[in-house]
Amino acid sequence: MLPDADDPVPEKDPASSDWGPLSTLPGNPMIWILILGELLVFGAFFLFFAFERARDPVLFNQSQLHLDRTVGAANTLVLITSGWLAALGARAEASGRNSRPLLLGSATLGVLFLVIKVREYATEISAGFTIDTNAFFSWYYLLTGFHAAHVVAGVILLTIVAWLRGEENVETGCAVWHMVDLIWVILYPLVYLIR
Amino acid sequence: MTLTRTWLVLVLLTLLALVAGQPGGKAQLGLLGVGLVLLASSFKAILILRNFLGLRHAGGGWQMLLYIYLATIAAGVLGAYALAEAGVLARLR
């Protein structure tokens, strides 16, 4: 049975650690320095993209029509399903159950996301839309490529923590994975939908 | 909300955002359409933070910080869209 119910999650005691406020966050506190840094970098990129679009909305709108919104939505569904499996895995590990199948399932969906993304890139490049085509496509390849690099890192981390289990390891791997998921949930509408 | 219910809501919101973004459409969404898409996406992000990541068990300060982060991005994107509609930044090129 899946560990789906809202099981009580043990609260962390901030006073029991030297990490201060970071101690209340799930996983190893050090990973949160990375996560918060990545969120800031992506957040800045998103705002730059939005204001670059505002400088030339016609170019951005026309270029965006060459992206496949349905494929982007399919990839969103793949990532949120992967995030769901990771969350179930973390819950299973906290309850003393084997989280490995759930974590490996989550990592496999991460690989599926990358396969879909690479096929999407291939379609766009074969249609003549490369990173040099215009400002929209430069931003498109930069943002989605930077995110894809994080997906690769996340898949590797999920595979490692599936192998080297333990509550903190699994929580740490899943925290990174949910950050990757969260970034895509904002990136997809910004790049594919808003026009 | 259980993890599976959260996942189902995320799936529904993704489909809602896709429909609001008009899969085969070429027309502009307008400020209201963009606002709806951003609202759906921000709500998805909050669900991921609270229920998948378990942020609801973290301190209230962390929750507030990340909600402010999401609100800043949504407001910035919506504001930039409004400026584009008004052609304000295009004149600065």
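Every residue, even glycine, has its Cβ placed from backbone N, Cα and C.
Note that TrEMBL annotation is computational and uncurated.
Some features that TrEMBL has for this protein:
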type	residues	note
DOMAIN	A:31-195	domain 'Heme-copper oxidase subunit III family profile'
REGION	A:1-21	region 'Disordered'
TRANSMEM	A:30-51	transmembrane segment
TRANSMEM	A:72-90	transmembrane segment
TRANSMEM	A:102-118	transmembrane segment
TRANSMEM	A:139-163	transmembrane segment
TRANSMEM	A:175-194	transmembrane segment
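Residues 71, 74-75, 78-79, 81-83, 85-86, 88-89, 92, 144, 148, 151-152, 154-155, 158-159, 161-162, 170, 173-174, 177, 180 of the same chain, all 6+ positions outside the transmembrane segment (A:102-118), place their C-beta atoms under 8 angstroms from a C-beta of that stretch. For the domain 'Heme-copper oxidase subunit III family profile' (A:31-195), the predicted model reports an average pLDDT of 95.
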